[in-house]
Amino acid sequence: MLLSSEDNPPPTTGLCIATSMDNAASMETYTTDDALSAMGFGKFQALVLVYAGMGWVAEAMEVMLLSFVGPLVREEWKISAQDESLLSSVVFFGMLIGACGWGFVSDKYGRRTGLLFSTLFTTGMGFLSALSPNYLCLMALRFLVGVGVGGGHVFSSWFLEFVPAQNRGTWMMVFSFFWTIGTVLEASLAWVVVTALSWRWLLALTALPCFLLLPFFGITPESPRYLCVQNRMSDATLVLERMAKANQSALPPGILTYQREETKVDHHAASSETDHLLPVREKECTDDDDAMSSKSGSVAALRSLLSRKLRRSTLLLWFVFYANSFAYYGLVLLTSQLSDANRSCASGMRHVKSENDANLYKDTFITSFAEVPGLIVSAVLVEWVGRKATMWCLMFICCCFLGPLVLHQNELLTTVFLFGARACAMGSFTVLCLYAPEVYPTSVRSTGVGIATAIGRIGGIVCPLVAVGMLRSCHQVEAIIVFEVVLCLAAVACMLFPVETKGREMN
């Protein structure tokens, strides 16, 4: 006797599910790293490099401005040495707040959002500070400029997320040349503008490169890594397709996934059939959502940074960022303070202003060029001996250059030693800015680097008290010893980093 179809329905559902699982298991996939490696570094990344590089030019100019604005304002408004050093410290305090804030913004709302609003903030406050009627107003506005400049790390993280893993170190060194361009440009600008016009014009013109970024913001792409983390796979694919078209290359076959599957699908596993049919990224995003606790990103990100897996790297990075900022920005200020302090403490009298200005611009211009050999040396070492060894080697060599400055030297020797120390400090700082984004996963990368950068700004806040305050009080020996101790401790911390990231894919 034949049964009706209602009594014995055909098992089509199970067959469809099995077929779907077979297709899902056999479907080719690729990750963002696979796509970037296949396309290589081409025209698209070159345009990203130029835009991000201009952001670093703007930040470098605002930082180098501190070497000039303090002495110039001191002469015009007759402020004390403590007030002069405070003018630099408030900028770094603003950068501390901005580094944390823009890091959270770019991780939650996108890299482009962080870039746009930090640029707008820096531009507006920079132009307004040129109109300051008094010292307190100038100090408040320069603090706000620091908040905007604190977003500079977003430019480097954004750029690195477009670069293939195999040559990321080399291109980070190239990217860092934009910082050197900014320092040299600011020294040249000060030499020309201050003597012909005034420090107010210098402040206004220093804000101009940041303003020039705004008209081109509309064509900047969002980071495909960020889009993947946000489960916007179609948007990430569109960005990668634009990149492939610009580079005249092709994407790998298959569909884009957030992370490469490491395990095969088990048809007889106890997990539900619907779990097997979920897209790879959807399942991962569900886990991420639990970890990030429904958009409370900042607290969850901080918890992730201090998790067992990342705690050691995070704490060491915080100290090394502090030490590097303290040393680098301290050397920038020492350039304008050391020779003048030597003369003042030796003679007990103030020299003619024009002579001081000429020496200030000449010494700053020369030592700014020291960053070029520093970048070249670090570019060679970073892919040869690795990130960690490059950093601690350059820090120890920097100590060797600073050592003779414990004793009073003539102007030529002072400039030579500062040149060597500045080269090493720039090289180690650049490798650190490469290493930090490589350590952290995409979901907390900008926040992690932002907090580390913010900790570094504390070094910037403290260094004027040493590089300006102690030198003007004729305590040169003590000031140089402080720099030596901080650099030695940072070198040891670099040796203790648990991870070497040379050649490793960004997680």
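Glycine is no exception: its Cβ is also placed from the backbone N, Cα and C atoms.
What TrEMBL annotates here:
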TRANSMEM  46-66  transmembrane segment
DOMAIN    48-502  domain 'Major facilitator superfamily (MFS) profile'
TRANSMEM  86-105  transmembrane segment
TRANSMEM  114-133  transmembrane segment
TRANSMEM  139-160  transmembrane segment
TRANSMEM  172-193  transmembrane segment
TRANSMEM  199-217  transmembrane segment
TRANSMEM  315-334  transmembrane segment
TRANSMEM  364-382  transmembrane segment
TRANSMEM  389-407  transmembrane segment
TRANSMEM  413-436  transmembrane segment
TRANSMEM  448-467  transmembrane segment
TRANSMEM  479-499  transmembrane segment
How about the transmembrane segment (114-133) and the transmembrane segment (199-217): do they have 3 or more C-beta pairs under 8 A, pairs 6 or more apart in sequence?
yes
Sequence gap of 6 or more, Cβ distance under 8 Å, 3 or more pairs: do the transmembrane segment (364-382) and the transmembrane segment (172-193) meet that?
yes
Maximum Cβ pairs under 8 Å to the transmembrane segment (413-436) among 86-105, 139-160, 172-193, 479-499 is reached by 172-193
Contact ranking winner - 139-160, 172-193, 448-467, 479-499 against the transmembrane segment (389-407), Cβ under 8 Å:
479-499
